[in-house]
Amino acid sequence: MSTTTLTRREQRAKAQHFIDTLEGTAFPNSKRIYVTGSQHDIRVPMREIQLSPTLIGGSKDNQQFEENEAVPVYDTSGPYGDPEVAINVQQGLAKLRQPWIDARNDSEELDDRSSAYTRERLADDGLDDLRFTGLLTPKRAKAGKRITQLHYARQGIVTPEMEFIAIRENMGRERICSEVLRHQHPGMSFGARLPENITPEFVRDEVAAGRAIIPANINHPESEPMIIGRNFPVKVNANIGNSAVTSSIEEEVEKLVWSTRWGADTVMDLSTGRYIHETREWILRNSPVPIGTVPIYQALEKVNGIAEDLTWEAFRDTLLEQAEQGVDYFTIHAGVLLRYVPMTAKRLTGIVSRGGSIMAKWCLSHHKENFLFEHFREICEICAAYDVSLSLGDGLRPGSIQDANDEAQFSELHTLGELTKIAWEYDVQVMIEGPGHVPMHMIQRNMTEELESCHEAPFYTLGPLTTDIAPGYDHFTSGIGAAMIGWFGCAMLCYVTPKEHLGLPNKEDVKQGLITYKIAAHAADLAKGHPGAQIRDNAMSKARFEFRWEDQFNLALDPFTARAYHDETLPQESGKVAHFCSMCGPKFCSMKISQEVRDYAAAQAIEVGMADMSESFRAKGGEIYLKREEA
């Protein structure tokens, strides 16, 4: 862990340098490949890890090798992972989905921004230096039209987004021929449907049933289509965002790019400080992954941080502002009802959700029902006009092990189920947020309750943390719970960084949180038995047994750390081909001994076979040619 502390000026300058010098970069010995769909502009990016051949024999001067297949893996890095693409953060990413959106002819450009706040910001010349220059003209649905992916799915339409996703979710496993790599243990799926091959029609079916969502605002055409659902591999979200006391636009864009490089499937911008609007524009125009927000945070800024002064009108204006910028999903704490707030009084840690506490305070101060609940149908109308998905927030999630699975938590969950049905009336896509802090033996009930109460809408959880005793290591405590709930059926895991409960994460914290959660998600996929989930593990194990060190580094989730740890003790190039590692040394390496045992067993089998043949030869009189009936 680095102990170097940079000043705010140094941090900002470093981030600016990162942005100014940014270019498409591949991981070591990997290359970007594209799999094309039924039309030329459906080009699905993947990363292909190139492997070295296996030495199978021959002489010192004439060695014989067997090729190892390249391993394709899911890639969230967008254009940032392609060395052939010219990156310019000032201009933003190419608008991948724009032709598909235009071809549907069910949306139209707006003459002016719908949000009064947006109009005010655009009229402020003092913000010119901060503002993203290539602003899009926002679109919304034409009158009487529904433009959500859920609407299309229910109409039986397979969109280009759905075909893109089907190709992406198969992760190129159809390219793998090796039986060794394709071997997979049967999983325990807890009722999930996991087809051997994911088709566009399967994607459509899952979206139509509400079991999966495709977060894809029509005003975020730069995003690469992805899906969140129980019957697909588990996804991971990364949180970024500035605060009133730290971080800049440059640093948040840097964290966005960094997050996608390390595997974030979606990113939530949780900014609460100055220039929220401008920061979000820069993030959206440069994001290849869906962006989520918690609109109540910005609405609170608009009333100077006084929760009691919040109004539906201010919140509605914020929804319009963010929807027209391109936010793909909103976290809405509409399930924090007035009658549930007293249930938290006997908790050890009360209400720990920022959004939940804001709404609870508003309800109590006005002694009125949550205005998000009261105006939920209007929220749905706004979301339907731009295809913004709803992430129904768990404002009453437990903030400590002692408060897990209590009355307040599950009362809110049941209300979220009721709201899900209302959102579906408007063809709005929905996922459900979950806890929190839950000990291991109480985790599965959360998944069971969610499936039953929320009609199998995708579950999206923060961990959960399985113990409260490890500040500084909560990416570990939560990674355990994340792997478990992912196995039970959770569709997306919100990462937790080492700074959880302590401070805002920096770049290295973001990476640590993402690697931890990619491990948890992959472990869950293995346990569920997702077809193809074991390919990379098998490739790694084969490389490990054959002492192909470079391949081991390159197959790792974090090749750089794997290489660095190896090189701490065996830095010489000869260490990259050694048939041992520094832990056991050359005489006690279990892999080396196993290879020797295998070679010895093979030799013994040949020797035994020859002895058996000799015995048979002598028993038959030692004749070279036998009569037919004796043969």
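The backbone N, Cα and C atoms fix where each Cβ goes, and this holds for glycine too.
The annotation substrate binding site is assigned in Swiss-Prot to ASN239, MET268, TYR297, HIS333, SER353, ARG354, GLY355, ASP394, GLY395, LEU396, ARG397, GLU433, TYR460. Within the same chain, the residues at least 6 positions away from ARG397 (substrate binding site) whose Cβ sits under 8 Å from its Cβ are VAL352, SER353, GLY356, GLN409, GLU433, GLY434, PRO435, GLY436, LEU462, listed in sequence order.
For HIS437, HIS501, the entry in Swiss-Prot reads Zn(2+) binding site. The secondary structure of HIS501 (Zn(2+) binding site), as reduced to three states from DSSP, is coil rather than helix or strand.
The [4Fe-4S] cluster binding site annotation in Swiss-Prot covers CYS581, CYS584, CYS589 and is backed by sequence analysis.
Between the CA atoms of HIS437 (Zn(2+) binding site) and GLY395 (substrate binding site) there is a gap of 13 Å, rounded to the nearest whole number. Taking every pair among ASN239, MET268, TYR297, HIS333, SER353, ARG354, GLY355, ASP394, GLY395, LEU396, ARG397, GLU433, TYR460, the residues recorded as binding substrate, the greatest CA to CA distance is 20 Å.
For the pair TYR297 (substrate binding site) and HIS501 (Zn(2+) binding site), the C-alpha distance works out to 18 angstrom. If you compare Cα positions, HIS501 (Zn(2+) binding site) sits closest to ASN239 out of the binding-site residues ASN239, GLY355, GLY395, TYR460. Of all the binding-site residues listed (HIS437, HIS501), HIS501 has the fewest other CB atoms within 10 A of its CB. The least crowded of the binding-site residues GLY355, GLY395, judged by other CB atoms within 10 A of its own CB, is GLY355. The most densely surrounded of the binding-site residues TYR297, TYR460 is TYR460 (count of other Cβ atoms within 10 A of its Cβ). DSSP assigns TYR297 (substrate binding site) to a helix.
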